[in-house]
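Straight from Swiss-Prot, the features:
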type: BINDING; residues: G30, R31, N32, A33, Q34, G35, K36, T37; note: ATP binding site
Amino acid sequence: MWLQHLSLKTFRNYKETKIDFNPKLNVFLGRNAQGKTNMLEAIYFLALTRSHRTRTDKNLIHFDEEQLHLSGLVQKKTGSIPLEIELTQKGRVTKVNHLKQARLSDYVGHMNVVLFAPEDLQLIKGAPSIRRKFIDMELGQIKPIYLSDLTNYNHILKQRNTYLKSDQKIDETFLSVLDDQLVDYGCRVMNHRLDFIKKLESFGRKKHFELSNQIEELSISYQSSVNITDKQNLSESFKIALEKSRSRDLFKKNTGVGPHRDDISFYINGMDASFGSQGQHRSLVLSIKLAEIELMESITTESPILLLDDVMSELDNTRQLKLLETISQSIQTFITTTSLDHLQNLPENLSIFTIQDGKASVNGN
């Protein structure tokens, strides 16, 4: 798949911009704070209805406006798909083929993206919430039912936590009813995640072995607050975990076990990767990103769109060549950079957009 056209209206520092893209490689060139990353963020937001940089949607709206509008035309094997997002103070409206979508799971997945940014190193050494968000964003694109199950789980979780925080006397029977619902959707979420991690590890192991000159083996482990060793009895394991945690939950007034507490760990040759070197972290994250591309292709039969935010200057020549090798394989790619000197051995079929003060001009024109 590839993004043929993007229209931005009052998004970040872009007042109004319309831009046509190259189906292969697109480079956003400019000084810092001109809007290069904002352009990538717009593409990411159009795909996922979420920003990778802020949790507050109103930060995306141009400072002197009250709403924003993004639209794009995605080309896929099955044909063209127009996508639209309008964001106002009241919320967001999403459209596919000009038809309003009622649920997030009906919208996400029409345009798949893989983002690689310097902050992705936090995937290895950052907080568990960063890794959970990574799973949610990537898995949600290739399996829309996951977003539906996750939304339902979070809804029940919020209900349960609100009830635990209430001043009224706790009805343990009602709490058990909430627990049953939490177990139902929680097991669905965990099963989706376990399947995803297994496939990601399979693709990632091969990529990392190549990147490390056949000396490092990557493995990924899903760390759960629930006993996940027996998937057939996952529901029973979750119920037991909730029962054991009930006195703790009543005291702390929140839910202590479940997929909202889970994490993933990365290992290199059996050792915790978080203790590895900066170079190992870069290689590991690059391996994961390259694995994501292959995983998405294997499930959707479409290549995702690759977004590279100022990462080429962070990679040595070996890692750059490996990444460029992937780019050359019919994957639409967007790169931000302050200098073309950071980009070596680029393919010939590319478009360069100069970004200055929230305006984009192709090839400097």
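Placement of Cβ uses the backbone N, Cα and C atoms for every residue, glycine included.
The binding-site residues N32, Q34 differ in how many other CB atoms lie within 10 Å of their CB, and the one with the most is Q34. For the recorded site, N32 (ATP binding site), the DSSP three-state label reads coil. Least crowded of the binding-site residues (G30, G35), judged by neighbouring Cβ atoms within 10 Å of its own Cβ: G30. Its Cβ taken as reference, R31 (ATP binding site) is surrounded by 11 other Cβ atoms within 10 Å in the chains shown.
In three-state terms derived from DSSP, T37 (ATP binding site) belongs to a helical segment. Cβ atoms within 8 Å of the centroid of the Cβ atoms of G30, R31, N32, A33, Q34, G35, K36, T37 (the ATP site) belong to the same-chain residues N38, T336, T338, I355, Q356, site residues excluded.
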